[in-house]
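Asks: From TrEMBL, here are the annotated features:
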type	residues	note
REPEAT	254-287	repeat 'TPR'
REPEAT	288-321	repeat 'TPR'
REPEAT	322-355	repeat 'TPR'
REPEAT	356-389	repeat 'TPR'
REPEAT	390-423	repeat 'TPR'
REPEAT	424-457	repeat 'TPR'
REPEAT	458-491	repeat 'TPR'
REPEAT	492-525	repeat 'TPR'
REPEAT	526-559	repeat 'TPR'
REPEAT	560-593	repeat 'TPR'
REPEAT	594-627	repeat 'TPR'
Amino acid sequence: MHLKHRLSAALIGTSIALVQSYSQTANALTAQEVGKIAKQITVRIEWQVAGKNKQGSGFIIKQEDTTYYVLTAYHVVPEGGKYTVITPDGERYPIDSQKIKHKSGTDLAVVQFTSNKTYKVAKTGNSDEASEGTIVYVAGFPAKTSSVTSSELYRFLPGQVSANANQLLDDGYSLVYTNPTLGGMSGGPVLNEQGEVIAIHGKAETQAQASGDGIKVASTGNNLGISVNTFLRLALMDVGVSLPQVKVVKSPKADDFYLKGVDLEKKKDYKGAIEEYNKAVEINPKYAKAYFGRGYAHGELKDYSAAIADYTQTIEIDPKYALAYYNRGVVRGELKEYSAAIADYNQTIALDPKYVNAYNNRGFVRGELKDYRAAIADYTQTIALDPKYALAYYNRGVTHGLLKNYSAAIADYNQTIALDPKYVNAYYNRGVVRGELKDYRTAIADYNQAIAIDPKYVNAYYNRGVAHGELKEYPAAIADYNQTIAIDPKYVDAYYNRGLAYGELKDYRAAIANYSQTIALNPKYVNAYNNRGLAHKNLKDYRAAIADFNQAIAIDPKYALAYYNRGVIYGEQKEYRAAVANYNQTIALDPTYVNAYNNRGFVLYEIKQIDAAMNDWRKTISIDSQFPAPKLALGVALYAKGESDRGLVLWKEGIELLGQVLDLQVLKTVGWGDVLLGDAAKLLKDPRL
């Protein structure tokens, strides 16, 4: 067999010998019995990088007097580190980094420590006998994460062999298995049902991470290990074990191509992986895992129809392949085939009732179908199975927010952050919910935290600007919109809102510039035309203002506010009939628009349609009895018609609501025309005021 890399025996040292030889026959132990053996031989390896604690795993493979040798993955102990071994009894022993033995060309290393205590040494098994479907166990110490809160937590995980190739990968890997390993378990032992070590665990499943939209993405279910026989054969020295005779392999088998596919998949060479899986199924048309792997690769290339076909083929070969249903559900979700996705997640759960990702993803899909109650139930079930599943709390928080259950949403975001303090979207979404509750100060604090974690989080700057605007902190709002635009120069709403803030500061030219930029980015942004029209009005550029209101109406003929604003300008220019026509249109579109009735009354009074004007003010009062303007105007009209007592009563009610004394100069500034002002002058002379 040709090897790309061969190992030098001198690197490992001639003194190492394993204390056990292969058993010819052995009965299977229970999982508990194998677990007990694994716990006695598995060690934790710690080191620091840039002040941060790191860890991996290993197992005791040899004792020589007071010296113990630990076999691990080389990437756990790269050169130059300061390492410590923690044995099963919790004792800590330093590792001399100068004595680390690395098997050149493989991801293998042996480290040593000295102790007067007695520790169990691993027994090795014949890894060549591990075929597809063989039950195996992986032991080790996962690194700390949101769901693994202690670096001392030991894991013992069952699974099955997917492939055992004859042809090795570059780093010596040849064994593929399904055990759901975690980071930090690299270097730990892979044991068979006899409690014998048959491989060194090296590469864990890394694809099943949260995607940006709240689901767990498709999983490969593949982990890679270096077989013990590979370690022994490449050592090229007597280690006290009688190895089985190596069979002469005339041509690659399906497992060899499958292994290459898995390796290329992990390197994200999905096209290359597909080619290898094609070769595997050509040799073995019933190779379910090869179809499954090819389906995953097709999915990563967004060839979803091909992915579904491969997962379906996997299921036809093995109807109990839960992960195939799960991954097909993920792909169907990408295609927005939500009902079919739910059916696949249902089947996944039927086969594996504790598969938390399936509950989470089913919840997400149900949310896409707006079945929010069912979605919450799925997220709650996810959390019941795994109380440290941060994404499920986050997703449930999103769903509670959609149902306007804001307190529940905040509680879920709090829990998400407690589990994962760097979960930036949780801070952002909590800020959004607090904004909905008008708790703008705490919303700003959440946006601050999101920005601290991700200084390029453009929506956090934008929403913080909105919150500052709600608090009338317009310069701060503008600063946030500036930052939003610096990150994303095409963020149209940031220009629009910056225009609003400049308008509140009465910097109308700056407001116009921002509304113009908004329109340049989105020529159909109807509110930008309306607001630019108002800014033009404030600069007394009435022609430009009317042009903007015209454009707003052209885009949206049912835009009541644009008709109203155009009516205001026509009224100020004494084009009363045009003003009335616009107020009529406003009221037709929005029969409760009080300002339109009130202003139409002002205009009608100027063209001597007194009764119609009075009816408009009465209508205004019926809609909003706390609006002072129509009471003042109606009071003047009644006084002018000789109903002085009633007129004075309404006038006084209006003044009380307004909270200030009025004179003619003030009334001129609020839209009162000459006729109404003339009648108001008579009322103001009444000695009863």
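These residue numbers are counts, starting from 1, taken along the chain as shown.
Keep in mind that glycine also has a Cβ here, set from the backbone N, Cα and C atoms.
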Asks: Please report, as numbers and ranges, the same-chain residues at least 6 past the borders of the repeat 'TPR' (526-559) whose CB is under 8 Å from any CB of it.
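Replies: Contacts with the repeat 'TPR' (526-559): 496, 499-500, 503, 506, 508-509, 511-512, 515-516, 518-519, 565-566, 568-569, 572-573, 589.
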Asks: If we skip the immediate neighbours and take only residues 6+ beyond the ends of the repeat 'TPR' (560-593), which ones have a Cβ under 8 Å from one of its Cβ atoms?
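Replies: Contacts with the repeat 'TPR' (560-593): 526, 529-530, 533-534, 537, 542, 545-546, 549-550, 552-553, 599-600, 602-604, 606-607, 623, 671, 673.
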Asks: Are there residues at least 6 beyond the ends of the repeat 'TPR' (594-627) whose Cβ is under 8 Å from a Cβ of it, and what are they?
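Replies: Contacts with the repeat 'TPR' (594-627): 560, 564, 567-568, 571, 574, 576-577, 579-580, 583-584, 586-587, 633-634, 637-638, 640-641, 657, 671-676.
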Asks: With Cβ-Cβ distances below 8 Å as the criterion, list the same-chain residues six or more beyond the ends of the repeat 'TPR' (288-321) that contact it, or say none.
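Replies: Tertiary neighbours of the repeat 'TPR' (288-321) are 132, 162-163, 207, 218-222, 254, 257-258, 261-262, 265, 268, 270-271, 273-274, 277-278, 280-281, 327-328, 330-332, 334-335, 351.
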Asks: I need to check the long-range neighbours of the repeat 'TPR' (424-457): which residues 6 or more away from its ends have a CB within less than 8 Å of a CB in the stretch?
Replies: 390, 394, 397-398, 401, 404, 406, 409-410, 413-414, 416-417, 463-464, 466-468, 470-471, 487
Asks: From the DSSP assignment alone, can you count helix, strand and coil residues within the repeat 'TPR' (560-593)?
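Replies: Summed by class, the stretch gives 27 helix, 0 strand, 7 coil.
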Asks: Taking residues 6+ outside the repeat 'TPR' (390-423), which of them lie with a CB under 8 Å of any CB in it?
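Replies: Residues 146-147, 210, 214, 216, 356, 359-360, 363-364, 367, 372, 375-376, 379-380, 382-383, 429-430, 432-434, 436-437, 453 contact the repeat 'TPR' (390-423) from elsewhere in the chain.
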